[in-house]
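Enquirer: As annotated by TrEMBL, domain 'NACHT' applies to 90-235. The repeat 'ANK' annotation in TrEMBL covers 643-673, 743-775, 843-875, 923-955, 956-988, 989-1026, 1101-1133.
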Amino acid sequence: MDKTPITISNAGVKTAVQAGYLHNTGTLNISNTATAQSEGDDVLKVLNALYSYRSDAEKQKDRNPNRVPGTCEWFTSHRNFQDWKTSPSKILWVSADPGSGKSVLAKYLVESILPTTKSRTTCYFFFKDTLNGATATAAFCCILFQLFEQKRSLLSKNIIERFKIAGESFCSSLSELWTSFLIATKDENAGEIVCILDALDECRKDDRSELIGKLQQLYRRSTQSNLKFLITSRPISEIRHGLHRREIPASLIHLSGESDAERDKISQEIDIFIEARVQGIGEKLGLTTKEKDILLKALRIVPNRTYLWVYLTLELIESNPSTYINPVFEEDRILEMTSKLPMTVNEAYEGILTRSRDRKKTKLLLQILVAAARPLHLSEMILAMRLAGKKKYHSYKRLHPILKQSEQRIRNYIRDLCGFFVIIIDSTVYLIHQTAKEFLVENKKSEGAQANSRKFYWRHSLRMLDCHRVLFKACVRHLYFAEFESRIPVAGKLISKYAEDHIFLSYSASHWAAHLRNGQVKLSEKVVNKVLKLCTPNSTRFHSWFQVYWATTNTNFPEGISTLMVASYFGIRSVVCRVLEVQSGRTARINATDKTYGRSSLSWAAGNGFEDIVAELLKARYRTGFLFIGIGAKVDSLDKWCRTPLTYAVWGGHKLVIEQLLKAGARAKLKDDIGGTPVSYAICSGRDDIVKKLLGAMANNGANSKASISAKLLLSAAEKGRDDVVGLLLEMGNIDLSVQGWGGRTPLMEATCRGNNKIVRLLLEKGADIKAKDADNRTSLVYAVRYQNLYIVTLLLEHGALDRSPGSASWSLLFDAAEASWDDQIIHLLGERALALGATFEKSETLLMRAAKLGMEETVRLLLERGTAVDTRCKEKLGHTALFYATGKTTSNPNFADWQARRLRTTRMLLEAGASVDAVDDNGKTPLAYAVIGANREIIKILLDKGANIEASDSDGRKPLAHAILNGNAGVVQVLLDKGANVEATGLEGRTALFDVIANPLREEVQRHILLLLLERGANIEATDKDGFTPLSWAVSCRLGTGTVSLSSLELLIAKGAVMKTGIVRGKPYSLLYTAIFHDDDALVTLLLDKGANIEERHKLGPTPLFYALRQKKMQIVRLLLEKGANKEVKGVDNKALRVNINLDPNFKPYTPHGTAAPLPKAKVEVKTDRGRWIAISIKDIVTSDYVS
């Protein structure tokens, strides 16, 4: 059979799939065009927001060289790695000293050892000290993109909704990214997920701490996920303390590359690396075996050698002009060079830079390189160097000859200045290693020390403040180019094109203000004026750079922004002060807001964490005469979403700004448009220090108010899964653990619903009411059972959730929850407690009934052994006995096969215990009927083997076979027929099984399949019901009335011998052809005529089908009948005759393009008189009895 893909499309907004049997061996796609397109757009928006981080990750990975064969094996063969690899969910932390090859190892793992497979998805991020390469948010944007790119199904509606709600802050919020990541990893289709994070020590400190905290929270819980992390870093104290067994006791594996044992193994592999590199250099330079041996020996005697040292040292040798030796003195030259080898990485760095021919230019390049917010392109670097020099440039024109140089020439120039201290990948300039920056930049340890001794000129020679000032100077000079005063870029893609056409603009526009702040530049009056002009929105120059910058934020452009807002947004204090000084009173418009977001200057400054700007805005005043009048910014100004500056400060985690705002009177309880407050956002952010600040600010509201607030915060923390905040609040004491939120849920219930084991444990330890009920009488135990959390179920039971019988209502809810969850272990626990406590249920149900329904074999067995009555009826449940519960249909079960097997054994137990196999409920149905409805073939067979009446009718006259047909289950129909079901048995209307198939809205192939089964078993194709319908006439009636019969089913009946002649139905002639004409079913008319229906059939409605179609104005069928040869003239009694003259336009369509009925073609109907004349008459005046015998 061909596996042909099937697609069911619907252009509207609703899609319905008819219940019944569907068989397809190919691919089945049911698509709702409108909804699918909308969902597809949402998916693309999320991927687009994450995409830019993916290319950065690729570049950062590829900056690392490939491993030399024979290396990295100390790790891949290590027992700790193998244990981690086979474990379902653990962290492996690999620590080693700088230069030990950690990043090369990580690259090797990603590409060769742990690549993505069908069962495993590998995601990675290589932290680097660049703009995006050093943040945890960039890492998880990249990881999410990799995850969704490889498994698009993991990008769920839940994540898309979070993306929509978070908006612009989604990609900048580690909390949102982390939560979305966990949602994706918990998807049932996620499979094994491996995350490799290289060089965690190069992640920004705050981000690193937050990320480690989230890893601790994840792995402290008893999780059964398939999520594994492999992290490499230097062994710095913060990571060592964070990734410690006391923090993550069960899930952490630490593989220490700096230990003696591992250091020896790494040293051996470094020797392999040395040998490979020396062999390569020897081949390149034509060294003899003896010369290579001299070089190898010299390299191997150096203690504490690292991969990085080997690489640098050999590069020094290879790039030394004297390496290309005179054949007469080759061994002497080799010995001379090896006697001067650098003994450390720092000596190697010094040796590289000492060769520079121009120290000043080299220093300038390195200053730009270490302070740059992102790696610079070759053309950007050469332009920045020119702009930072002594010469002044005012446009691109004077720089044109320089910028038009070939890339190779610029490469050579940079190599002449810095040697291989820098590397160039994809035309982008990088330092060779993170340690190169540490070598260059002055740090606190080097301050006051003789860092730059005679031995080291370059070590700690750069001050970061000076480096930022160099780039600030270059950026501002660039933004004052004449080109940016003459033309404004327009919105959309043209902004990106504009930036591409102007070298360095994307950098200078985005980072000039950051370099100003980071360089702590004291601006002269002249420079203040220049910066002020850059911040003035009514200038062309401002729009040139600001539109380029704002495009990088992926948010709507802030129309109506003022100079004060711009300066506040970028944290430019000198400009803020100038505006407040120069523009007095109302003209300063300190509380003015932009037109797009409705945010004030204070809101922008607070959101970006500029405490000095916040201070200036809050204390602002102006002078009038001899008085100073305060015009301080409104501390609780609301934007278009009712968010305050404090909210944005909390979002950004800016502790000092939060303190300033609270001191100025900011209110921590103000709700925004979705009900969020600064406090609730702080809880979500995971910053305990901020939460404490906000709680402290509210402590003065009074004891009652504080208690109320704390209780609500507890509820919010439980809802958000913040176990740390719950612990903090519980430590405060005097907190109401029974506070109720939505639907009457308590914090314990919320934590249970969300599966937060730690919060549940904390609340129970503090005495939370384990038996509290919500508005629907559900307890925490009910929720734990419903959400299949075995740990919490066990915990609640241990704390007395079922120390005594909770009553019939609670038992009913518990077993309802168990039925919804289908967790075998939880069901077993409930069965044990229910037996022990003698559980009773609402609506006179018994434990035997409920246990039979859930397939609780052990419980059923014990109850039967105790002599529990097996045929007790549940009055409120139609009089069902336990056998009905065991055989009936129930909700879907993910472990369907196991559950069915248990129910099968439970059914046998009940039957062996004497359960009545033919018990009848209030609807007249037997257990067999329910087994048929539930499509449980094995139970059907058991019941029939035990003597169940296969022909038992219910109160609607339906027998088991009719129920099987009604459900469209051909397999069950086959079982019943094999067991002897009577195909001629009739229901209340006298209809056989053939009639039931026809009346049932089944899929075409299913309907044909069941019809064939019945006909093959001898079903009478000419049987009639009480109204006189045959299966064929009933099929026509159903097709035209309810649309339940396909043409192929009608064709099958005719092919199997069904007669098409007119019969008597409900006392009147019933013509298939005339009925089809009346309903304008041209397809059915065609089928009937093709199968032999009489085209000239006389009927009092006609007298012939042609005249009937004319009378009913069915012009398509008129055409059809004429094409099939229908006579235009009819003869009647007494020489009477009737004829019609009609000419149909071959292009005639019954409907206009607008859907209205088209004008009918003229049809002339004539009757022949006694004298033989033809007289025109109306078709309505035809006396059909004159032509029907």
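The backbone N, Cα and C atoms fix where each Cβ goes, glycine too.
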Enquirer: Give the residue counts of the repeat 'ANK' (923-955) per reduced DSSP state, in the order helix, strand, coil.
Expert: 16 helix, 0 strand, 17 coil
Enquirer: Reported in the order helix, strand, coil, what are the DSSP residue counts of the repeat 'ANK' (956-988)?
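Expert: The repeat 'ANK' (956-988) comes out at 16 helix, 0 strand, 17 coil.
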Enquirer: Are there residues at least six beyond either end of the repeat 'ANK' (989-1026) with Cβ under 8 Å to its Cβ atoms? List them, or say none.
Expert: 18-23, 957, 961-962, 965-966, 968, 970, 973-974, 977, 983, 1032, 1034-1035, 1038, 1042-1046, 1048-1049, 1052-1053, 1056-1059, 1063
Enquirer: Going by DSSP assignments with H, G and I as helix and E and B as strand, what are the residue counts for the repeat 'ANK' (843-875)?
Expert: 19 helix, 1 strand, 13 coil
Enquirer: Would you report the average pLDDT that the model assigns to the repeat 'ANK' (989-1026)?
Expert: 90
Enquirer: State the residues, same chain only, that lie 6 or more residues beyond the ends of the repeat 'ANK' (743-775) and have a CB under 8 A from a CB inside it; answer 'none' if no residue qualifies.
Expert: 220-222, 714-715, 717-719, 721, 723, 726-727, 730, 737, 781, 783-784, 787, 789, 791-792, 795-796, 799-801, 806
Enquirer: What are the DSSP helix/strand/coil residue counts across the repeat 'ANK' (643-673)?
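Expert: Reading the DSSP string over the repeat 'ANK' (643-673) gives 17 helix, 0 strand, 14 coil.
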